[in-house]
Each structure stands twice: as structure tokens, then as C-alpha cells.
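*Asks:* Annotations per TrEMBL:
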REGION    16-43  region 'Disordered'
DOMAIN    147-223  domain 'Cation-transporting P-type ATPase N-terminal'
TRANSMEM  198-223  transmembrane segment
TRANSMEM  235-254  transmembrane segment
TRANSMEM  385-409  transmembrane segment
TRANSMEM  438-464  transmembrane segment
TRANSMEM  1009-1029  transmembrane segment
TRANSMEM  1041-1062  transmembrane segment
Amino acid sequence: MRKGIGEEFKTSPYRRYKNDLEAGTSSREIDDEEDEGSGPFDIVRTKSAPLDRLRRWRQAALVLNASRRFRYTLDLKKEEERKQMIAKIRMHAQVIRAAVLFQAAGEGVNEPGVSKKLPSIQGHVDDFDVSLEELVSISREHDLSLLEQHGGVKGVADKVKSNLEKGVPGDETDLINRKHSFGSNTYPRKKGRSFWRFLWEACRDTTLIILMVAAAASLALGIKSEGIKEGWYDGGSIALAVLIVIVFTAVSDYRQSLQFQNLNEEKQNIHMEVVRGGRRIMISIFDIVVGDVVPLKIGDQVPADGVLITGHSLAIDESSMTGESKIVHKDPRAPYLMSGCKVADGYGTMLVTSVGINTEWGLLMASISEDNGEETPLQVRLNGVATFIGIVGLAVAVVVLVVLVIRYFTGKTNDPGGQQFRAGQTSVSDAIDGFIKIFTVAVTIVVVAVPEGLPLAVTLTLAYSMRKMMADKALVRRLSACETMGSATTICSDKTGTLTLNEMTVVDVFACGKKIEPPDNKSLLPPNVMSLLLEGISQNTTGSIYVPEDSKALEISGSPTEKAILQWGVNLGMDFNAVRSKSLIIHAFPFNSEKKRGGVALKLSDSEFHVHWKGAAEIVLASCTYYMDSNGCILQMEEDQVSYFKKAIEDMAAGSLRCVALAYRSYEMETVPSNEVEIENWQLPEEDLILLAIVGIKDPCRPGVRDAVQLCIDAGVKVRMVTGDNLQTAKAIAVECGILGSNGDATEPNLIEGKAFRAMSETQRLELADKISVMGRSSPNDKLLLVQALRKKGHVVAVTGDGTNDAPALHEADIGLAMGIQGTEVAKESSDIIILDDNFASVVKVVRWGRSVYANIQKFIQFQLTVNVAALIINVVAAVSSGNVPLSAVQLLWVNLIMDTLGALALATEPPTDHLMRRPPVGRREPLITNVMWRNLIIQALYQVTVLLILNFRGRSILNLEDESDDRAFKVKNTLIFNAFVLCQIFNELNARKPDEINVWKGVTKNRLFMGIVGLTVVLQVIIIFFLGKFTSTVRLSWKLWLVSIVIGIISWPLAIVGKLIPVPERPFSDFFTKKIRKERESGG
């Protein structure tokens, strides 16, 4: 094992940099600075937000239905219970293991089946020589003597009919048989909430409960005074309206929850490489069976319980199972691997012995419910908006209640159809009935005024966006990332596989002091050089080659770089298995992104030892003191030869090639460690190497990546390339992709090397961070330092990463984007979004969707506030002036349904437009309600209030209803007001689609859901007016009055166009108020 491994891996790799002084300030400190002195609803970053901050905003929110409002936020109580449950299960596993060890120590022998009381099922042993229970006890007890009783790893493999090299046969019958005998790699999931649960939650709204009680009282009094035939209408209509609201809400919420459920299943479906029938294939983690041979490399998740077959420097992070962030090294003395743990370092292969519920991880996952609650910054801010509007609405409702009650009991209610209160003459039941009607209206105003649906609209639009993003090859792991991406100001992207295709081929080779053309020209390579090259290629690799029996094309697996070099070896005539059989790997230094090289020590059949290295060309070249000439002789590396190879590397890099060098040295048998423990801690010699070859690997740019980068630039998002590759290679690709305008831009500080950035002071890094476009030869820690510097400068940073060591940067960034194909499991777990096709164009699509989420919420806010303001003002003014309200309780409930559930569905599902990518990112501290929205809202609300109040007070004369009876005229006028009000909202819904564009019809036909909802609303409104008059206190309108209603509604379109021509100040209106308040506080202080 190499020097310092203990220090380097004492903690989990994704926590390793948390207290690193060089790494600068942690995100927690940055966030604390941001949060200082801010209100409870001002949480800029919910990622890793402290629990007390999350509690604060929940306590500050005005909520009518807590179970519904907080459904998709983190359940703080459940989170505590979940942590306790995990601790209990971990403790249980450790107690069992301790008991086994104690018993073994006491008796000096460990009888098989000491702890057979562990939860497991007796397996079928018809086709296998071992029972399920025996296999489970091997995995759970971690007892070596028990493994030895079964004949060690080889014995267990034979008993489960598996081959340590070729794996299980892999045919359908065999796999079904294994699942039947030993179980499948799944665990029972807790069922999602049923529809009835959502229905019950919708019923728990405080205001709706009050309305139901009022409806019941009204029903009883109505039947008592007017008989059952006529008396049930008032109470019955309110009860029916409330039921419709409840059902609509429950259906909408249930559909949403199903979408989240599907996405969660997708999140857990990890794909792993296994060896079946001698070939490596990719399968779902759920399809892994007992007997499978699984290759493991750094960053992988251990997919099931098992034992180690072979391993080199294999270190496992068991924190997910034990709760302790300690790295455990695996070797034949400690071969047990636990499901759910991560590979922190090295590589190896394992034999699967237990799957699913028979593993500790399976027990753990089956015992805890997946709580995906997580608030997003927008959700928290909207709760703040809803609370403010709710308080205003409550105040208005109280005013309306007081005014109407006073006017009613003083006999000044101006209601031609209703009962006037006369002291001493009106019966008690009539007086109570009158009061209940007034009270019902006041409560309904609260229902309309408190926008319960506002925070839920975020969840709705996020659920819709997440589903659509899956089709765009992006899997969202954290809800908040979806909306934060809309605010991203910079994207730090990897080069390989993200900006390039990751389809690598060796196109240039320098060996024996000259260029080999073509690269696979064997005649230019002496036999001894060829032999050493093929030895290094076949042994110093994590890839493999499968030779099909039917002499089809070879199947090469591994990372793209490994595959390219193996393919080159095959072209040179390499027989992979034959070359590997000539030597034995005694120790390995796995490739790592910090050192940018990997090596192996080989024992040859004649007791000769070779150490092979492979890695970044200039780094390996610096360790070489010799090279081999065209005769195969070893020569001293003179200055001119070093210059020749350096020039070759520069030329290849300038041609955007990745440069990799292969070198070796022989080693004396006496200096090789003799025992296993010494070999484990042996640091492979890195000096006095003999250069074998330098290869240039072509990885072409992805088609369309230049357009994607340009899209980002137009949208005000700066793309930065952060790569481990040579600076010249990085520069060539950056120019090709459009990240650098031309070679003229490729100067410091636009272009910088990782070590130069790392060597700077924190102040210098902050000054320089903004200017950096390309960082070459960067280590994961350099990426982390850049992210921290950019965040401190106020940027919202998105970072792509695929390696285990990228985890700290992915965690630190505002949005961590892991690669789905090349990304390790550790990187994916630290990320917020997984880019399934590793394509930069998909990252840009995520930006589009992020902006769309924010824009859709703003559209919905504008629409909802217009309805709120108009409905409240109309009812307050009418109540104060005439003692009655034109919009009744049932009518207001229908308006609330249009506004909350249907409006949210229609506007939250607007697809993203190109217009969104032509404006700068939305700042995280920018007000939710922009000046443009205030302008649109005030114009529409003012128009609706003016027209409808004129109709309320002068409607009888304007509509020529003087000849009609008072009761009839009153009902016609109020029906017209209600009809016109609803139609105004329908037409205004179209205006809300494009708050800052003249053409509101653009793209409307593409959104079928929007069209369907608007159509449904119109149809239901017609049904209400024509057929449900008894319930809604309306009468049928003549075609002329329908025309009047439509004209009143349609005027909102030209009005919106005129309004959009009115310029608004750039400075947000809210700034003027906060500045004024601050001044008053300061003068008061």
C-alpha cells in the first residue's frame, strides 16, 4: 500500500475536504453570511440548510391545511425517527457480530450456524450445495472460520454453481432458479399514500371544515323554515361546492405523488457491470443474483453482500452501514463486503453471497420509509408570499363580517330577495340563518384570500418538469436543483465525455525515439519493446477483453481511455489472456485523479519483477531517465531527447489529443517485500523509469456542443472547462467548443493550470476566479477551490463531475451534475441531477427547464394575485356600501377552484421557450413579483374592479332592468357580475402565459393541457349559469348579456397589450419600501 494511505482515507472521500484549510471556507460559512439578518422565508440555499432555519419558516407560515401545505417538504419529526431507526439497525448488526466473536473466543471454535436466529428464509437446496441460511450467516457474521468450513471463496463459488473467472452462466432458467432459491436483489418498499389518504388530507383544511359546519347549520335551519323541498338549497349548495373542491384537490395531489414515486424508483435503479458466461455486461442492480461475479472500481456501490475474490489496494467506505466515516481495507484476511457501501480506492472482484432482504442494507432500506420531502428556496419564499396575502385576506374577511353583521342587525341590508332583520319581528331561526349566510361569505373570502395552492404550484411545476427532463436525459435527485439551475450564472464542465464524445482511439504513437506511423505498425517496434508494451497494456488496466467462442468481434470493456489503449494493443497483435497468464500482479497503485497515473508490480514466471506505469504523458515522462531506441536498447534520456518527447506531447495536445505515456522498470527480487503485510504497504517505485511509448488519443468534440455553449453565452451563463488533461489539449478543445473565442483568448488568466491556482492565496483566487475560462491539469481539489471562490463572488455555480474525488465539489456547488454513463456511484450520490447521456447539450436543457420552473411560478402568481385582489376589493366595497356581496360563497368557491387547482395545472405545465434563454439568469435574491408583474397585475385588477363595481351600483339602469322586479333585477345583475368576473379570469389566464410579450397566443396550441383546462372551465361556467342556478344563486342570462360578459372579459387582451408598452423602472418596487422601512428604523434607533 502506498505511503500515507491511512491519512488520506481516514474519512469518506466525499467528506475528505470538509476541514481542509487549503480548500477555503465551507459552504456552511458562506450560507451563514447570506442568511444573517434575513427573514424566516429568505432561505437562499436549502441544500444542507440547518434544521432550526427550516423550523423557523414553518412556524412563521400562515397555514390552513398543514398536512397538505407541508406534504412535499422535509418532515423534521420523521427525519429524526428515521435516523434513530438506522442507528438501531446498525447497532443490531454490530451486536450480532460482537456476540459471534465473543462466543468464538470463549469456545475456541465457531460452530456453523451460531446465530441462526437472524431474520432470513430457509432456501431451496435442490440445485445448490448450500442453503440460503448458511449463505446469510457467512455474510452477516463476518467469521473467517465459517467461510473456511465451506472451502473458502472457491468452495462457496462451487456450491452456488458459479465460476470465479467466468461468473454464472447467465441464461434465463439459471437466473430464475437462483432468484427462487436465494431471493432477488430487491426489498419490500413501503407503499405510497393511497387516494383516500389524499382525500382525507384535503378535508383537513380549517376553512373548509368551518364551511361544512356552516353548511350543516344552514341546511338544518333551511329545512326547518322552508321544508325539505326548497330549504336544502342554501346549505346543500355550499356542502356540494366544498366536496367538489376537496375531490379536485385530492385528484391533483394524488397524480403528483405518482409522478414522484416513478422518479424515485428510477433514482434507485443503479446499473452495474457483472461477469456472466465470461463476458462483462451491464445490468440493473435489482437483477443481481447470488453467485454473480462483480468487478468493483473506485466510486462503485457494493450491490449486495459478498466476499472478495481478488483485490488491489481495495478500500471500502462503510459509513452508510456502520455510521462511522472510516475506510476499511479489504484483503483475504478481511474479505467481507457489505451491500450499500462504496469503493473508496482500488479495484477488485467480488462473489455475491446474499441479496435483497437477506443483507443488512436490505433490512435497513425495508425498515425506513423513503421520505423525499425537501423544500426548495422558491417553495419557502412562496410560503412567505402566501402568509402575507393570507393575513391581508383575513383582515378583509373580518372587516366584511363586522360590516355585514352590523348592517344586518340594524336592518340596513340592501338585499331585495333576502330577509330584512326587524327587531322584535324577525324569528330567532331567521336571524341565525341570516348570520350564518354572512359568516359563510366571510369564511369563503378567507378561502379565496389565503393562496394555499401557491406553494404547491411549485411542486406541481417541478413534478411536471422532472418528468419532462427525464425525456431530455436528466434525472433530478433533488427538487431544489431543478429551480436553482434557472439561476445558474456559471457552469464548470468536465471536458472528457461531456464536451467530447468519449469515443477514444489511438491516432499518434511516439516510441523508440521516433513517431510510429501508422500507430499499429509492428515492423517499427523491436520484439523486446513490443513484448514489454503488451505486458504493460494488458496488466496495467482495469479494462478487459472477452473473446467470443464463435469468433465474432472482440468485446472490450473498461473506461474509454482503457478501451482505446487495449484496442491499440489488439491491433499490435496482443492476445490479452495469453499475455496476462505470463505474469502475476503482486501489487497495484490504482489510477487516481490527484497523481494522474496508475501502476502495477508484476512477478514474471522466471522470478523477474517488472513495475509498469501509465498516466499523463508529461508527468510520467518527468519520472523517466531512460528510453528504448529502435534496436530495443536502453539509452540514457538526454536533454535533446527530453525536448523531442516534450515537443511531441505539445504538438499532440495542440491537436486536441489526450497524451498518455507508458513506462516500466525492472526490479531486483531482493528489494521486493517478501510478506503480504509489507506488500500491502509497499509504495511502487516511481523513479528511474524506462519510457516505452507516448500515445495520442483522439476524443472528438460532441456534435452540437458549440451551439449549446453559444446558447449558454446568450443566456448570460459562463461556461468554464475544468479538466485533468494537458493545458494545450484543453485549450484546443475549448477553442473548438466555443468556450474560448480564439487562440488569442488563450492566455492567463483565461487559461490556467490547476497547480498555479492552488498555489495562490485565497484573496488572489477570489480576484482571478471570474476570469478563468479553462483550467487544465486540475485535481478535484482545484475544482473545489474554484467552486468556492466563484460562490463567494456571488455566482450560482453548476458543476459537472464523474469521479469519486469530484464528490466534494459536487456537494459544495449550488447544483452538482453527475454523469450517468461515466459517473461513479459516489459522484451520483453527491450530485443533485444526473445527466444520463453525459452530454453538455443536456446540461443546457436543464438550464432551460430550471428557468421555465421559475417563469411558470411567476405566471401563476400574477394570475392568482389578480383574482385575489379583484375578488377582495369587489366584496369589501359592496359590503361596506350596500350591505351585501355580489359574489356569493358558492361562486367564490368556484372561482377558488379555477384559480388554485385548475390555474396551477394550466400555467405550471407551460413548456420552456427560446425566449427564456435570451435573458440573463434570475438572481436568487431578486423579488418573486417583478415590476413587470406588478404592472400587469394592477392594470388587470383595476379594470376588473372598476367595471364590476360600476355594474354592481349602476347595473340596473345600464342593463335596462328598471321594468323587472327588484328580486329579478338583483339576481340578473349579480349573475352578470359573476359571469363577467369568471370570463375575465379565463381571458387573463392567457395574458399570464406571456407576462412580457405582446403575442400571448404564441405556442398556445402546443400546450394541450392548457387548452383543455381553459375549455373545461368555459364549459363548466356555461353549465353553472344554465342549469345550476338554484345552487349558485344565479339565473339564466340572455344572449345579449352573455355577449356583454364576453366583451368585458375580452377587453383584458388589448388592455394587456397597451399595458406592456408602459415602461417600468429596473429597480424593484420592493426596494423602495424596504429602504423606507430601514431609514425609519435607523432614525428610530
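Glycine too: its Cβ is placed from the backbone N, Cα and C atoms.
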*Asks:* Kindly report the helix/strand/coil residue split of the domain 'Cation-transporting P-type ATPase N-terminal' (147-223) according to DSSP, in that order.
*Replies:* 49 helix, 3 strand, 25 coil
*Asks:* Going along the chain, which residues at least six beyond the ends of the transmembrane segment (1041-1062) come within the CB cut-off of under 8 Å?
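*Replies:* Answer is 935-936, 939-940, 943-944, 947, 959, 972, 976, 979-980, 983-984, 986-988, 990-991, 996-998, 1000.
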*Asks:* Who are the chain neighbours of the transmembrane segment (1009-1029) in space, where the CB to CB distance is under 8 Å and they lie at least 6 residues beyond its ends?
*Replies:* 894, 898, 902, 905-907, 909-910, 975, 979, 982-983, 986, 989-990, 993, 1035-1037
*Asks:* State the mean pLDDT for the domain 'Cation-transporting P-type ATPase N-terminal' (147-223).
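*Replies:* A mean pLDDT of 84 is what the predicted model shows over the domain 'Cation-transporting P-type ATPase N-terminal' (147-223).
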